[in-house]
Amino acid sequence: MTIQWFPGHMAKAKREVSEKLKFVDIVFELVDARLPFSSRNPMLDQIIQQKPRLILLNKADLADPAQTTKWIDYFTSQDNQVLALTAKNDKSVKQIVPAAKKVLSDKLDREKARGIKPRAIRAMVLGIPNVGKSTLLNHLAGKKIATTGNKPGVTKGQQWIRFGNQLELLDTPGILWPKFEDPDIGQKLALSGAIKDDLLHLDDLALAELEFLRRFYPDQLKERYGLSEDDLFQELPDLLIEIARKRGFKDDYDRASEMLINELRSGKLGRYTLDRFEELAK
Ligand code: GDP
């Protein structure tokens with residue numbers, strides 16, 4: 001579902017997150033690993049302020065591992081704790097608690113020194129639409145669901161999901177708006193599936209996809225559609241027609257565009273990262 005964000009919605013989202021922040025020790029900022037720059041909310045620092053944060057590069061199974069490694073090094077060099085994550089995968093999700101403890105190590109050590117009994121870390125999941133917030137929460141809840149009930153002061157209806165005895169998560173994520181001023185970012189969000197198609201022309205998007213794949217993942221593109229090197233370097237609209245014909249779509253440009261976009265989103269074209277570290281990390 002596409003949500004159109006108006007100033008009123010943004011103010012409300014911000015307020016809701018600020019309310020919840022009071023109850024947690026740490027924020028899990030969920031980001032799409034294919035878009036480590038474009039899928040972050042532009043005002044997050046201002047919204048969460050000094051609250052400790054763990055950046056989770058989710059959908060790491062779909063992203064280019066070489067790019068993910070570079071982005072992790074980059075975020076780490078900026079004093080962030082960051083983890084590549086696949087929200088549906090048990091082994092991956094289990095890494096969250098140790099990483100969160102690392103972020104909070106000073107606080108936990110201080111509490112220990114004061115004789116305070118170790119307690120579960122309280123966290124909230126935060127991010128723009130479609131980065132996998134519900135998937136992660138459902139996965140955690142599905143394990144051993146035992147909501148601890150309303151706690152004093154917590155927004156009515158707010159529940160905690162317990163994960164083992166070391167982590168408690170607010171059961172509703174904070175949903176923030178995506179970056180939308182820059183058309184390039186909008187296009188990348190659309191290619192990842194974060195923004196639905198009705199806002200953009202399918203064929204423009206497919207041409208942008210072909211340009212991207214030809215530049216960064218030419219072998220994946222050739223292999224998927226049986227293209228030669230020469231095929232690859234014709235004009236982009238001709239390349240799209242070539243792919244349409246190879247798929248038996250004749251000259252149906254729209255059908256080919258839709259197919260290309262769906263195949264990229266679902267990972268059929270292989271793993272890819274739209275936000276290139278070399279271009280964006282500064
Ligand atoms: P939300 O809007 O942030 O709550 O995002 P959802 O949890 O609804 O996830 C959006 C889409 O991404 C769904 O189709 C999920 O199945 C998919 N998804 C979420 N996490 C992962 C992941 O780690 N890997 C892959 N391949 N897909 C994921």
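Residue numbers in this text run from 1 along the chain shown.
Just so you know, glycine gets a Cβ as well, placed from its N, Cα and C.
The feature GTP binding site is assigned by TrEMBL to Asn58, Lys59, Ala60, Asp61, Asn130, Val131, Gly132, Lys133, Ser134, Thr135, Gly174. Secondary structure at Gly174 (GTP binding site), taken from DSSP and collapsed to helix, strand or coil, is strand.
What TrEMBL records for 14-178 is domain 'CP-type G'.
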Can you list which of these binding-site residues (Ala60, Asn130, Gly132) have a Cβ closer than 6 Å to ligand 1?
Asn130, Gly132
Grab the GTP binding residues from the record (Asn58, Lys59, Ala60, Asp61, Asn130, Val131, Gly132, Lys133, Ser134, Thr135, Gly174) and give me their largest CA-CA distance in Å.
23
Using CB atoms and a 10 A radius, I'd like the single residue among the binding-site residues Asn58, Asn130, Ser134 with the highest neighbour count.
Asn58
Which chain-mates of Gly132 (GTP binding site) that are at least 6 residues away have a CB under 8 A from its CB, listed by sequence?
Leu30, Asp32, Asn58, Lys59, Ala87
